[in-house]
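Residues annotated as active site in TrEMBL: Cys321, His380, Asp403. Annotation comment: TrEMBL describes Asn443, Asp445, Glu492, Glu497 as Ca(2+) binding site. What TrEMBL records for 313-406 is domain 'Transglutaminase-like'. As annotated by TrEMBL, region 'Disordered' applies to 1-32.
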Amino acid sequence: KSETMSTNEAKKPPLNGRRALPSNNSNGEENEVPEMEAFGLIPRGFNPRDYLRVVDIHMFKEPHEVNKQQHHTDKYYSPKLIVRRGQPFQIQIDFNRPYNPETDQFWLEYLIGRYPQQNKGTYIPVLVGDVLKPGEWGAKITYKENNSIRLSIMSSATCIVGKFRLYVAVWTPFGILRTHRNAANDTYILFNPWCQQDAVYLDDEKEREEYVLNDVGVIFHGNINDIKLRSWSYGQFEENVLDACLFLMDKAELELSGRGNPIKICRVASAVINSRDDNGVIAGSWDNTYAYGVAPSAWTGSVDILLEYYSSKQPVRYGQCWVFAGVFNTFLRCLGIPARLVTNYSSAHDNNANLQLDFFLDDEGKLDTKITKDSVWNYHCWNEAWMTRPDLPVGFGGWQVVDGTPQETSDGMYRCGPASVQAIKHGHVCFQFDAPFVYAEVNSDIVYSRRDKNGIQVIEKIDTTHIGQLIVTKEVAGDGMMEITEEYKFQEGSEEERLALETAVMYGVKKQTTRDTTYQPQTDVDMEFQVQKAVLGSDFKVTVTFRNKSHNYYTATTYLSGNIVFYTGVTKNEFKKHSFSAKLEPSSSSAFDVVIKSCEYLSDLLDQASFHFFVTARINETGKILATQKATVLEIPMLRIKTQGELVAGKEMSVTVEFTNPLKQALENVTLRLEGPGVLRTMKKEFRKIPVNSTLTWEVKCIPKRPGLRKLIASLNCDALRHVYGELNVQIQKP
């Protein structure tokens, strides 16, 4: 006996002088609940069998049964009961004899975590009454037959979201008798966007179907001049994904009593989605070397990442912004918080949050990469989650920005949000959390400056319209793009925009004034350039155009710098330098072409095939500098997906993926991935080599599980070529 004692002692958590009970922050742990809780001494003649006894509990937890149908949880691949809070659900209890309300007394107990307490909402006794009050815990009998009763149970619209254990307790004069622990009766309770009292209530059915129930989405990437899109499988209903999402909150050590609050959940999730400072889900890597991991561009969805993390408890390698955002979206939709993935084109990463990105030029007008710390991301993906904000003044509920990509710390951790989109638009950046950072991402100015001979900082150009030019998300009920820029900002140059900026500055967003520096730009000459659209592996040209609006004759010493960049705007190397002198006739336009050959860029190309061009020109007669920059992306060929055979749920079908090598070199160590929620689990295949101009073909057999319109998504990945995708909509028939 003594041995068992000591192990129990060791398991006890350390005492804490401040609280009687240790913190209850794991949904995975549980306590032992006594099956007989005696009130005192039990007389010898007492026989529990003389009292009402529970023989069986029916949870009606099949996808086709009433609970999952009414609660919109029938798509979850889980054998257990899953309901949404604030809405009634049904169970049936079979007793050993007919229930007699005059003499028998029983109640239900829902418990979560290891230290259940009634005042924390982690121990919930539910008494049987005559009426159900909306949005409050309660139960009433709806039907009695022989030894069975049907109960309708209402959960609170603010209750904790997670997995509860269910016990039925029966009162006897000598003590309480309970059913034994049965995992089959565990009940998951989720957020309920269909319930008006829930903090995540969304009133439009089409939007609920998109933002909560759609398990595939579209991610917009590329850049402002060349928008690209790819599908992403969120897979929030796939097997074990719900448990993996609940585990993330355990990992983040979010107190169970806080798990009914979507604000808290979003805040801790934005930290735990990335691996910085808490060993979270995904390790970011932006350096184009992805040894010992999967390249960010190879993922086709969230399920593999979440399940790998759930089983290994170690960060999954590797992700970049759309991967963090894709997994975050799965997490939110899985728990029932309406969510969408958003892309901001030309997104500012402002290191010191002064609302300006400083680009420093050297004497010749070239970018000085040593001292330029800020960068413009071609695009940046984050998420919006829908909820009320009772912690803020009225009017700031609705969409909230949350961002799991580790960029800057917030209260000491890499996390961002939730920040009210409405507050960002109006410049009310004093309202928590991280609104100034998001405001800068969509509103910063680009300032080009250079030190002159006397060491004075001379501002050569201020570009107020480059950042946050376009903010988009997938449209509701379609694969197209919906622009939401005006949700974040007023029309460029409008009176309201000035006012929002002044408000933001008043609330402490630092904005350096340009008054203390001399800034007199050259206004009578315009310079711009166009980059020809080109397929990866071909030559293309850049055309620089000057418009001399004055009556003067000017010459411009022009410098074009072509850089291979990460999509974050960070330069890897300069692959093209070209200087020329341009003669600018009065009142006329002149165009100059610069040819870029594929041999100049192919050896150093990074995974998103992104280039960044800087053009600077010095007007020799005035000494003034014109500067402009543009990102461009090459066209990357697509994968082709085809199906053969009948497309019927439960019947075998075949899927073929094809790809033709577009490069002037063989591709080596190629990985293909294919997935489709409800049709097939992720499959992977390695190919040693694809010679120049040859076509690879991969055939896969699968048995689709669910009827309806589904999507197949494929990716191809190797060192020489990344971001190759393909997709196909398939209509799976009912058997």
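All positions are counted from 1 along the displayed chain.
Any Cβ shown, glycine's included, is placed from N, Cα and C.
Over all protein chains present, the Cβ of His380 (active site) has 28 other Cβ atoms lying within 10 Å. Shown in sequence order, Thr464, Thr465, Ile467, Gly468, Lys489, Gly493, Leu501 are the same-chain residues outside Asn443, Asp445, Glu492, Glu497 whose Cβ sits within 8 Å of the Cβ centre of the Ca(2+) site.
Of all the active-site residues in the record (Cys321, His380, Asp403), the one with the smallest CA separation from Glu492 (Ca(2+) binding site) is His380. DSSP places the residues of the domain 'Transglutaminase-like' (313-406) in helix, strand and coil in these numbers: 15 helix, 40 strand, 39 coil. Relative to Cys321 (active site), the recorded positions with Cα atoms inside 10 Å are Asp403, the candidates having been Asp403, Asn443, Asp445, Glu497.
Put simply, His380 is the one of the recorded positions His380, Asn443, Asp445, Glu497 whose Cα lies nearest to the Cα of Asp403 (active site). All protein chains considered, the CB of Asn443 (Ca(2+) binding site) has 24 other CB atoms within 10 Å. Cβ packing within 10 Å was compared across the recorded positions Asp403, Asp445, Glu492, Glu497, and the lowest neighbour count falls to Glu492. Packing around Cys321 (active site) is summarised by its Cβ count: 27 other Cβ atoms lie within 10 angstroms of its Cβ, all protein chains included.
Cα to Cα, His380 (active site) and Asn443 (Ca(2+) binding site) are separated by 14 Å.
If you average pLDDT over the domain 'Transglutaminase-like' (313-406) in this model, you get 91.
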